[in-house]
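What TrEMBL records for this protein:
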type: TRANSMEM; residues: 21-41; note: transmembrane segment
type: DOMAIN; residues: 97-533; note: domain 'Major facilitator superfamily (MFS) profile'
type: TRANSMEM; residues: 147-167; note: transmembrane segment
type: TRANSMEM; residues: 174-193; note: transmembrane segment
type: TRANSMEM; residues: 199-221; note: transmembrane segment
type: TRANSMEM; residues: 233-254; note: transmembrane segment
type: TRANSMEM; residues: 260-279; note: transmembrane segment
type: TRANSMEM; residues: 337-359; note: transmembrane segment
type: TRANSMEM; residues: 365-386; note: transmembrane segment
type: TRANSMEM; residues: 393-412; note: transmembrane segment
type: TRANSMEM; residues: 418-441; note: transmembrane segment
type: TRANSMEM; residues: 478-496; note: transmembrane segment
type: TRANSMEM; residues: 508-532; note: transmembrane segment
Amino acid sequence: MATFDDLLEEAGTFGRCQKRIFALLCLLSIPVSAVYVGIVFQGFTPDHWCRDAAVVERRQACSWSLSDSRRLTALVVNNSGVLQQSSCEQYEVDWNNTRLTCDSQELNLTNVPVTACKDGWEYQYEGRKSLVTEFNLVCSDAWLVDMYQSILNVGFLIGSFAFGYLADRFGRRVSIMMSNILNLIAGIVLAVVPNYISILVVRCIFGFGVKGGWMNGYVLLTEMVGAEYRRTVGIVYQMFFSVGNLILPLLAYYITDWRWLQVVITAPYLFFLPYYWFIPESPRWLISQKNTAKALEITEAMAKENKKKLSKNFEGDSPSASLLDLFRTPNMRKHTFILMFNWFTSAVVYQGLIMRVGIAGGNVYIDFLISGLVEFPAAFLILITIERIGRRLPFAAANIVAGAACVITAFIPDSMFWFKTVVACIGRLGITMAFEMVVFVNTELYPTFIRNLGVSVCSTLCDIGGIVSPFLLYRLAFIWLELPLIIFGRFLTFLNDDWIRGWAILQILVSIQYQVNTGPVLPILIPILILFT
């Protein structure tokens with residue numbers, strides 16, 4: 001009796017039927033990008049300062065600019081050696097009882113006491129509306145923006161387990177349909193709920209469905225094609241995630257309200273609902289459920305669409321999966337733990353680098369688009385290298401390049417803008433390559449009967465990384481904008497401490513020059529700490 005792989009050879013390993021399924025499932029990957037990193041635009045924090053109603057009234061009467069009125073409320077503070085106006089403190093002056101004239105913006109307020117913002121904030125955002133401006137998530141409440149992204153990854157984490165179980169219990173096709181229905185409902189509800197707590201709850205549900213659908217689409221796709229095509233279709237499937245990264249800034253530029261942007265991000269799931277009738281169930285899953293008759297029926301339909309005929313029957317024996325199978329043998333344990341670690345680091349750094357675009361200070365739409373374009377060469381580099389030199393060397397090289405680029409970017413002065421941008425893009429290229437490789441290697445290392453379980457369990461570390469990443473980025477950036485890049489570099493080179501120590505010594509020398517030029521002492525301390533950790 002033949003195995004299913006033998007039968008698939010007869011039916012066609014990547015014929016017309018698989019190409020049709022491949023095209024449909026790749027479209028499923030596009031909106032996932034906007035869900036995953038939409039916080040860059042939905043949670044954008046514009047330049048802001050304390051609002052004072054009396055000053056606003058006088059500005060309107062005297063036709064002051066925003067900068068003129070801002071001088072009366074926002075004191076100048078020293079932020080890591082850079083003088084800038086405070087976003088969270090204001091002069092403690094009762095402007096209602098102070099005579100304000102149209103020349104008052106020139107007042108000397110040097111010795112006036114200060115206090116925290118009392119009357120909300122004003123934003124330099126040109127008529128746009130983000131989650132931050134709607135709920136005033138700044139200053140002491142800025143961490144709630146981190147929570148908005150972290151709660152999505154909590155949903156991803158739960159969805160990994162739940163949809164992994166649902167896919168193994170009820171099938172890949174059914175779980176994808178359930179995901180699309182849930183995504184459509186939760187995504188629209190998220191756009192209309194009125195308060196922040198409700199937003200967090202619904203966003204967690206949204207993440208729950210999105211992760212499950214994307215993951216099961218990936219597994220279904222790799223199970224429908226021959227072994228020689230799995231890595232290619234897997235990489236291209238992820239490349240469509242990068243296509244979403246190019247579409248997102250264009251949508252965000254023209255859609256000025258974060259809630260309407262949420263509606264547009266959700267809309268594609270309406271068109272995915274008919275997938276249930278256009279995509280067959282995985283024959284491999286059916287075999288694992290002892291339903292060989294249905295598996296044979298689907299395989300025959302695939303062969304017919306591919307204009308081929310079957311001449312063999314096949315064995316339907318496939319062992320059932322359990323969590324212990326991922327740790328049962330020493331080799332399997334090693335694979336599982338290494339994959340978990342790499343899922344975690346890839347998620348932290350990839351998500352962190354994307355979110356950093358929103359706080360780097362440049363044009364967020366152009367910067368996001370440029371960094372998104374960099375992801376496409378990653379897929380081609382993988383396809384070119386893995387067949388010639390294997391997986392380990394490209395994967396290690398991608399991590400080292402990404403880690404080194406993160407660190408080097410941190411110490412390039414802002415005056416060298418284009419050089420800093422190029423190095424940052426190299427880092428984005430490296431981490432994209434590493435992330436895409438860990439996804440398809442995960443499916444290659446496990447046999448069919450535990451493949452979906454293995455991807456589900458290992459990718460939970462990706463979600464834990466996603467929970468940590470927003471707090472790591474935004475809170476450390478509050479101390480020093482480039483500090484998260486140092487941490488990202490350390491994550492990616494964790495397994496090679498000798499290289500790290502040599503790198504740290506080099507960075508001490510670089511940071512001394514940086515300190516001479518710009519003043520901050522912090523850049524000197526960071527490599528020293530890394531050297532001895």
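The backbone N, Cα and C atoms fix where each Cβ goes, and this holds for glycine too.
The transmembrane segment (337-359) and the transmembrane segment (418-441) are in contact, since at least 3 Cβ pairs between them lie under 8 Å (pairs 6 or more apart in sequence). Using the rule of three or more Cβ pairs under 8 Å, pairs at least 6 apart in sequence, the transmembrane segment (418-441) is not in contact with the transmembrane segment (147-167). When each of 147-167, 174-193, 199-221, 233-254 is scored by its Cβ pairs under 8 Å to the transmembrane segment (260-279), the top-ranked stretch turns out to be 174-193.
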